[in-house]
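Visitor: Sharing the record's features from TrEMBL:
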- 14-60: domain 'DUF1648' (DOMAIN)
- 12-29: transmembrane segment (TRANSMEM)
- 49-69: transmembrane segment (TRANSMEM)
- 89-110: transmembrane segment (TRANSMEM)
- 116-135: transmembrane segment (TRANSMEM)
- 164-183: transmembrane segment (TRANSMEM)
- 189-211: transmembrane segment (TRANSMEM)
Amino acid sequence: MNKFIKNEWFSIMLLIIPFIIGIILYPSLPDQMPTHWNFKGEVDQYSSRNFGTFFFPALNVFMYLTLLLAPKLDPKKENYEKFATSYKFIRVTLLVFLVFMYILTLYASLGYKVDMGLWISVGVSLLFIGLGNVLGRVRHNYFVGIRLPWTLANEKVWKKTHYVGSKAMVAGGVFSLLGVILTTDVYRFIFLMVGIFVPLIFVSIYSYVYYKKLKNN
């Protein structure tokens, strides 16, 4: 237990802090809280105070536990040791992103003006850059990474796909971030969508072509 706490203390803090903040702010929050924004950054969905305050911290816990238990359930569990540091970075990075989004939601719920379109673009762009930097180190498994039929079927294809995918994700994140700096509103959203989906489509096609090439040879 002590070893677990020593290794995971930062993640544990990221799980606890949102609950503490939510409990402290709960009396000041409105009965209906904004919980979804459209591509223009306008609120298009509200939820109850209980849901808005506690669902997202609970979701963080669920996601964290799922990521923590995945190596024990994966048939290729031995491979997780080969990228343990990167896997920990993935868990922490996702938690930081989700906590950041939760805090922005609370801030907006308290009546402060928040440009959610801007901050979502910033958050997702940095998330892509962060995850892209470690994607190339992710080893063959059934739970984390670019899990396509042909990457799962061939470890060589997996390695090549994740090497190329890591570069593509970072490039996509940087491109989306440029949209934040150079544009506003709808154009910023377009930059974000291009930065997300173009790398994903490119890597999927690239890996399939590479798989077919290996198979034919």
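Each residue, glycine too, has its Cβ placed from N, Cα and C.
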Visitor: Give the residue counts of the domain 'DUF1648' (14-60) per reduced DSSP state, in the order helix, strand, coil.
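Guide: Its residues divide into 27 helix, 12 strand, 8 coil.
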Visitor: Hey, which bits of the same chain come close to the transmembrane segment (89-110), Cβ under 8 Å, at least six residues off its ends?
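Guide: Contacts with the transmembrane segment (89-110): 10-11, 14-15, 17-18, 21-22, 25, 28-30, 33-35, 43, 52-53, 56-57, 59-60, 63-64, 67-68, 116, 119-120, 123-124, 126-127, 130-131, 134, 144.
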